[in-house]
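Lifted from TrEMBL, the feature list:
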type	residues	note
TRANSMEM	6-31	transmembrane segment
DOMAIN	23-305	domain 'G-protein coupled receptors family 1 profile'
TRANSMEM	40-63	transmembrane segment
TRANSMEM	83-102	transmembrane segment
TRANSMEM	122-145	transmembrane segment
TRANSMEM	169-193	transmembrane segment
TRANSMEM	249-269	transmembrane segment
TRANSMEM	289-308	transmembrane segment
REGION	368-389	region 'Disordered'
Amino acid sequence: QSITQEVVGLFCMVLLTLTALVANTVVMVVILKTPLLRKFIFVCHLCVVDLLSAIFLMPLGIISSSSCFNRVIYSISECQALIFLNVCFISASILTISIISVERYYYIVHPMRYEVKMTIRLAVAGVIFIWVKSVLITVLALVGWPQGNGATSASRCTVYWSPGAHKNVFVIIFSIVCFVLPTIIIFAVYCSVYRVARMASLQHVPVPAQTVVPRHRSDSIASQVTIITTRNLPLPRLVPERLLGSNKAILTLVLIVGQFLCCWLPFFAFHLHSSVTAGTVGGGHGEMVVTWIAYSSFAINPFFYGLLNRQIREELARLRRSCLNRPLGQEICLSVSEASVQENFLQFLQRATCTLETHTSCISPSPRNRLDQTKMGFPIPGQVPEESS
């Protein structure tokens, strides 16, 4: 049974590593090769961070977690390098997800402000902020480590191997900065996004003409049957459609927030419990399990933030057809206005607002058209009214 568990665990770790390598590489190449998709700068940065984690961090995690590598010995400097990569890449990945959430919030709630202020310079400043903050947190993790030519086994190369009380302080700061605060931001942002989508869904429901009270109503049996039938027929159709649209928006946001919590809550909860509880020493199978649950985020992120995007999927299909020398058929035409950063995310949530409208009015509206509709008297409830300069 122990050998079987070891083989299954090693297979899962290798599979996650390969998935992270392939998925992040594909999304990053598609974004970089398509000029109209290069505005997905934060999604591309998230793929870069996760790809670096799959190249450097996850293979070292396999060595530290599998009993097949029990004889591997790390020096102090090598163990410090592993801790540096671990904390730095985890911080950069989580902070990038937080910035993507804030960017989506501004695109939906403050569309005019987003169009004006979201520039390449601001995006580059955001990327620099992510790495500076990640490096500062990592330096804090390495303070107080022993000096010399000591060594430890690969399985014991964790932040708890360093003696002293500073590791407990670091774990608390690390959990607050890289998990608690980002979780609050993500919850607040997506709750606001859902509130806007729900208010728009309620506003766009057409008022049925049958609800207007007629001036003269006959008391005959035929007229009463007609009135009852007219009032009752739309209800089985309208109510499920409204509920279905609302459920789509809820499902989208629950998947995004739930994926983040499922991957990172066990990791930070374990380390907080190990640092706060007196006499508890980190390491062992518990730390290995929560660490690889957290590492699975590096393989899941490119699907949630990249391949679920309609434009990226279509461009990937076009590149695949061109590589296989197949006829492209109907080309995918992406206009400049359709190359916005969060168009796919808005279209996914907009299904909650378009369930009762005609099909032609809900086919892939561009962000610029939505902004024009907002100016022409169709505001989305919850959006902040702004004037373009």
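Cβ coordinates are placed from backbone N, Cα and C, and glycine is handled just like the others.
Note that the structure is predicted; figures quoted are calculated from it, not measured.
Distant neighbours of the transmembrane segment (122-145): 41-42, 45, 76, 80, 83-84, 87-89, 91-92, 95-96, 99, 159, 162, 164, 166-167, 170, 173-174, 177-178; these residues of the same chain sit at least 6 beyond its ends, with a Cβ under 8 Å from one of its Cβ atoms. For the transmembrane segment (289-308), the list of distant contacts is 12-13, 16-17, 19-20, 23-24, 26-27, 30-31, 43, 46-47, 50, 53-54, 57-58, 61, 65, 90, 93, 97, 100, 255-256, 259-260, 262-264, 266-267, 269-270, 316, 344, 348: same-chain residues at least six beyond its ends, Cβ to Cβ under 8 Å. Beyond its flanks by at least six residues, the transmembrane segment (40-63) meets 10, 13-14, 16-17, 20-21, 24-25, 27-28, 31-32, 69, 72, 82, 85-86, 89, 92-93, 96-97, 99-100, 103, 120, 123-124, 126-127, 130, 154, 291-292, 295, 297-299, 301-302, 305-306, 309, 312, 341 of its own chain at Cβ-Cβ distances under 8 Å.
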